[in-house]
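Annotated region 'Disordered' per TrEMBL: 532-551, in sequence order. For 40-61, 82-100, 106-127, 157-178, 198-217, 301-322, 342-363, 424-446, 458-480, 506-524, the entry in TrEMBL reads transmembrane segment.
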Amino acid sequence: MEERRGNIKAENEMNINMKEEQSTLDWRGRPSNPNKHGDFQAASFVLGLQAFEIMAIAAVGNNLITYVINEMHFSLSNAANIVTNFVGTIFLLALLGGYLSDSFLGSFWTMLIFGFVELSGLILLSVQAHVPQLKPPKCNMVTDGEKCEEAKGVKCLIFFVALYLVALGSGCVKPNMIAHGADQFNIQTKKLSTYFNAAYFAFSVGELFALTLLIWIQTHAGINKPPQGSIFIPVAQVLVAAILKRKQICPSNPNSNCSMLQTQRFRFLDKACIKNEDGNNRRKESPWRLCSVSQVEKVKILIAVIPIFGCTIVFNTILAQLQTFSVQQGSAMDTQLTNSFHIPPASLQSIPYIMLIFILPLYHKFFVPFATNITGHESGISPLQRIGSGLFLATFSMISAALLEKKRRESALHSGKTISIFWITPQFLIFGLSEMLTAVGLIEFFYKQSLNGMQATFTAITYCSYSFGFYLSSVLVSLVNKITSASSNAGGWLSYNDLNKNRLDLFYWLLAVSFLNFLNYLFWARWHSHHSSPPPQPTALSKDGGYENIP
């Protein structure tokens with residue numbers, strides 16, 4: 001009997017391995033050949049695509065606040081909210097891109113279709129920027145702000161249609177670039193961690209090019225994973241089945257499905273895989289009443305990562321300030337480098353990426369092997385440790401920004417001096433290092449949590465963190481303005497277009513309270529580490545119609 005079970009087990013494992021080998025296809029839909037497809041040869045195409053895509057979106061997003069204020073004549077606070085809502089929408093739509101990829105289109109076709117959507121929005125924005133009739137009349141918003149005509153009607157409509165076509169296209173492309181590149185490797189290989197570092201290097205190169213040359217101009221062979229069907233229906237089935245069987249008790253039989261579950265957390269979901277043992281009813285149960293062990297484990301993983309995801313939202317709210325108010329800080333400083341050259345304020349955001357282009361290779365070449373010898377972890381430090389290190393540093397970026405703004409404002413008001421733009425460098429450098437740690441760690445963490453058919457969706461969840469962070473920034477700006485305006489006759493902290501009349505330094509100090517978010521993260525990271533488990537094993541359909549784990 002034991003020999004027969006052993007043969008069945010070996011046969012099942014062989015079938016599973018064959019199925020996994022056939023689960024990847026070439027671009028024509030034929031089974032891929034591991035000797036010809038995948039690995040860095042194919043992933044390099046994705047890295048190049050990522051560099052050029054971020055180059056385009058960064059050239060728009062990072063100079064957008066200058067364009068919205070100077071060309072469309074929106075107020076500073078409204079312009080900041082337009083920018084953060086735009087960037088937030090991009091990352092929120094990443095969830096749509098991940099869902100379409102995993103459920104229907106596959107990552108390759110999703111990138112192709114929405115790449116053209118993004119391109120159409122970029123073209124429309126370019127046309128509006130170069131045709132005077134599609135913009136309000138020229139006006140100086142700093143000196144004549146109240147007299148300037150704000151964009152309305154058709155001009156405003158064209159601007160927002162173009163902007164959100166870019167958001168739709170970019171949002172749906174982003175998670176699929178990361179996931180498609182990672183799909184070229186075995187999830188257990190060390191090359192996967194190397195790829196995530198390389199992906200952020202490509203991101204940094206694209207950002208650097210966009211924030212230097214493109215901003216200056218403005219101011220002056222792979223494998224594919226086929227879609228697996230709807231990814232949300234199996235999750236919904238677990239929740240419904242667990243509710244319908246909430247009064248049942250998991251059997252103590254060691255061969256029962258409940259005993260095969262690998263994690264002890266969220267035990268209420270275990271009831272979704274309890275088989276109906278009623279002797280009068282031997283019919284196959286509906287998938288909305290009986291779920292597989294792997295389905296239940298998948299839902300548990302999804303719930304378990306939510307606290308980690310939530311802790312990174314404040315981090316991205318800080319990032320939003322570097323793309324909005326910090327650019328305006330630079331505009332109020334001495335931007336002169338030589339007698340004939342001035343640094344465009346939007347190019348300040350290139351500072352962290354210049355640093356990262358040098359640091360990332362050194363990090364991978366020296367730090368990772370050194371840390372691996374100490375920790376034994378293939379990436380040097382775990383993704384959760386990497387995220388925590390980044391969240392810790394983010395607080396000091398806001399402290400630096402607050403101190404700098406206080407110095408800049410006092411120099412302008414009390415001595416009439418305009419300090420050099422180079423004083424703003426520390427806040428960008430600190431956050432650049434913080435972003436390298438947090439962003440790469442978050443993507444690696446989520447990708448390694450994902451199960452078959454959910455890679456793009458889990459990657460998209462990381463972008464939702466950016467989305468919620470930027471939306472939170474919009475809420476904070478409006479809320480702070482409303483509260484401080486009501487409590488002071490001098491106006492709110494962020495009410496004026498002239499930064500010298502605002503209290504941006506106090507707003508930065510408010511964001512420095514994000515250190516409490518870091519302490520919150522430590523709690524949840526420790527909880528996740530103590531309750532984590534390996535990915536669930538494949539399941540098979542039992543003879544009585546239920547689901548059981550393959551031994």
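Cβ atoms here come from the backbone N, Cα and C positions, even for glycine.
Heads up, TrEMBL stuff is auto-annotated, nobody curated it.
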For the transmembrane segment (157-178), distant same-chain residues with Cβ under 8 A (at least six beyond the ends): 46, 49-50, 53, 57, 60, 72, 86, 89-98, 100-101, 107-108, 110-111, 113-122, 124-125, 128, 134, 151, 199, 443, 447, 456-457, 459-460, 462-463
Non-local residues, at least 6 beyond the ends, that sit with Cβ under 8 Å of the transmembrane segment (301-322): 83-84, 87, 235, 265-266, 349, 384, 387, 390-391, 394, 397-398, 401, 427-428, 431, 434-435, 438, 442, 445-446, 449, 451, 461-462, 464-466, 468-470, 472-473, 476, 508, 511, 514, 517, 520-521, 524-525, 527-528, 531-532, 535
Candidate ranges 106-127, 342-363, 458-480, 506-524 - greatest C-beta contact count to the transmembrane segment (424-446) (under 8 angstroms): 342-363
Selected stretch (most C-beta pairs under 8 A with the transmembrane segment (458-480)) from 40-61, 82-100, 342-363, 506-524: 82-100
For the transmembrane segment (106-127): best-contacting stretch of 40-61, 82-100, 342-363, by Cβ pairs under 8 Å: 40-61
